[in-house]
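What TrEMBL records for this protein:
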DOMAIN    1-126  domain 'Major facilitator superfamily (MFS) profile'
TRANSMEM  20-38  transmembrane segment
TRANSMEM  59-82  transmembrane segment
TRANSMEM  102-121  transmembrane segment
């Protein structure tokens, strides 16, 4: 996702020409493909693996809610940030932003940070969920 965001952002003026719209759509589509292929899947798989069994459903719900909140902030944030820097060219009711090109760069940086933070997620290394959570049958007796 980071690569495709930067591929859209840095030559943004190239992609705005009418002759290059198909390439823009292809790169943008690939960005969404990798969004669903990578980070979207981890939002469901990782919480199911890292939380203790007795708290798993509650923590998974909190994680899901935090993800939805992040999606709202990202969607509305992009809408505001993508407005032109010139207030007279911004859409009615919106303040001046940083422009689409800079907004795509910000998204690429956020994607890269997400990639880095993924490495901090603990790996299960073939252990069962009970072993990972420290819960065994002996503790329940």
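Each Cβ is built from the backbone N, Cα and C atoms, and glycine gets one as well.
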Model confidence over the domain 'Major facilitator superfamily (MFS) profile' (1-126) (mean pLDDT, whole number): 86
Beyond the flanks of the transmembrane segment (59-82) by 6 or more, those residues with Cβ under 8 Å of it: 43, 47-48, 51, 94-95, 97-100, 102-103, 106-107, 110
